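Asks: Dropping the structure in here first, questions after.
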Amino acid sequence: MAPAKAMAVVVLAVLLLAASSATAVHDYGDALHKSILFFEGQRSGKLPPDQRLRWRHDSALHDGATAGVDLSGGYYDAGDNVKFGFPMAFTATLMSWGLIDFAKNFGAHEGEARRAVRWATDYLMKATATPGTVYVQVGDAGRDHACWERPEDMDTPRTVYKVDRDHPGSDVAAETAAALAAGSIVFREADPAYSQRLLDRAVEVFEFADKYRGPYSSSLHSAVCPCYCDFSGYQDELLWGAAWLHKASRRREYRDYIRRNEVALHAGDTINEFGWDNKHAGINVLISKQQYIIALSRSTVVKRGAHMPPFASRRSPAFSIDYRIQQTVIDPCSVYVVKEVLMGKDEFFQSFRVNADNFICSLLPGISGQHPQIQYSPGGLLFKVGNSNMQHVTSLSFLLLAYSNYLSHANARVPCGSGGGGGGGATPLQLRRVAKRQVDYILGDNPLRMSYMVGYGPRFPQRIHHRASSLPSVSAHPARIGCRDGAAWAVSPAPNPNLLVGAVVGGPSNTTDAFPDARAVFQQSEPATYINAPLLGLLAYFSAHPDLAQ
């Protein structure tokens with residue numbers, strides 16, 4: 001090992017040890033419940049009788065009417081009253097991923113988490129009900145942002161925007177397909193009929209996304225920019241959508257699609273990024289799971305006479321996967337040893353695993369100096385240049401945790417700075433410690449000793465950039481508050497009258513750990529659904545493994 005790399009590994013170990021010893025005890029289950037509750041505050045449409053954030057009321061009941069479709073429901077993405085389909089679909093995908101990988105850790109919160117996913121997938125089913133069309137936005141962002149009013153009062157244009165054959169949007173369509181496919185896995189046991197409908201629609205939407213290629217930013221221009229322009233191109237979403245469709249359906253065609261398009265669609269590009277716009281790191285982590293499952297399955301043992309899983313046959317036409325099963329006797333009871341589970345050839349997955357390994361190494365303290373886009377604040381917060389830093393913190397931490405889970409099952413390490421030999425590299429436990437350190441920072445283990453989740457802990461943001469939270473509720477102020485009338489509340493130094501429980505704000509925007517708690521500084525004080533979405537899986541896991549020893 002080179003001296004510089006050896007020193008980096010030592011620094012990593014020291015930082016991880018310090019982080020693990022400095023964190024306080026948190027109620028991750030309470031934080032998980034509140035993080036799910038946040039989504040009820042973001043609901044659009046007719047609210048159900050069991051709505052728990054009672055200061056919210058029905059809103060935007062006629063969305064889609066101008067286009068002759070029903071687009072009521074779904075989520076407002078952040079502190080405004082526009083429904084942006086691109087981040088909403090990503091939100092649904094990440095909530096589902098957390099439930100898929102960590103379902104057993106959700107415990108009593110699994111049902112409410114599924115309901116949060118369904119509020120999004122029900123809307124996405126409406127948005128894709130017309131063949132060859134995906135409705136991707138409701139609301140004029142420019143007009144909406146010029147007003148400060150409650151969603152229950154809004155009178156700005158509810159303009160409907162769509163992508164179709166003549167105005168392609170492969171990025172938003174493929175992300176929508178990914179969300180529907182991931183959702184189909186979440187509901188596979190709880191509601192098989194709904195699960196199948198989601199999967200069938202995902203197949204249709206992905207076919208449309210792939211056949212009519214182009215970025216939705218080019219088709220819709222100022223309607224979606226600058227708020228949610230697709231800066232990374234649509235290629236990553238096509239691979240991402242195919243990966244989720246393969247995971248949900250196990251159809252050979254999606255595996256073959258990924259194999260054919262790995263280079264053409266730039267699977268390894270900008271690997272140190274993951275969010276609503278750029279899926280590259282997520283693609284490699286998700287697909288690399290197949291590599292680790294393959295490595296593990298060569299020693300998987302299933303007793304003779306026991307119930308064999310539906311895929312454990314010599315050939316499964318439904319999944320188009322070849323299985324080679326060898327019968328062996330290792331004790332008085334005969335057993336089957338599944339020697340190989342082949343998705344084509346093992347080496348097909350190798351590049352994704354290498355990409356994922358490199359990405360994981362780029363996030364680790366002490367190693368990340370080799371990757372200037374990843375920094376850590378003095379207080380230990382992962383930091384990337386740009387607005388709303390917590391979106392990077394939660395999404396990247398989720399990938400760290402998911403990858404550590406795959407590594408644990410495969411009894412593997414990430415070969416950071418070790419060249420992959422001699423037992424060096426980062427262990428799954430080290431990855432989990434880094435992820436947990438970020439979650440603990442959000443919950444209050446930071447220089448300001450404040451939680452960045454509204455309603456969690458004794459000190460949290462009081463003046464979040466959020467129209468509905470900052471204005472008096474309809475119950476407290478039945479009279480309509482017009483577009484300009486809300487300005488007085490927007491600039492007021494008073495705390496928000498309505499607690500948006502569970503909302504995680506953008507947080508510190510530089511490496512100084514500073515936070516102004518000012519409504520006007522939206523880059524730091526605005527919550528967003530895609531900040532909370534990956535946090536669900538993280539909080540579920542740490543609620544079940546608070547000491548990381550399990």
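Using N, Cα and C of the backbone, Cβ positions are placed for all residues, glycine too.
Copied straight from TrEMBL:
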type     : residues : note
SIGNAL   : 1-24     : signal peptide
DOMAIN   : 28-539   : domain 'Glycoside hydrolase family 9'
ACT_SITE : His465   : active site
ACT_SITE : Asp517   : active site
ACT_SITE : Glu526   : active site
Asks: List, in sequence order, the same-chain residues at least six positions removed whose CB sits under 8 Å from that of Asp517 (active site)?
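Replies: Spatial neighbours, sequence-distant, of Asp517 (active site): Pro461, Gln462, Arg463, Ser525.
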Asks: Near Glu526 (active site), which residues of its own chain have a C-beta under 8 A away, given they sit six or more steps off in sequence?
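Replies: Residues satisfying the criterion: Ala78, Gly79, Ser388, Ile464, His465, His466, Val505, Gly506.
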Asks: What average pLDDT does the predicted model assign to the domain 'Glycoside hydrolase family 9' (28-539)?
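Replies: In the predicted model, the domain 'Glycoside hydrolase family 9' (28-539) has a mean pLDDT of 87.
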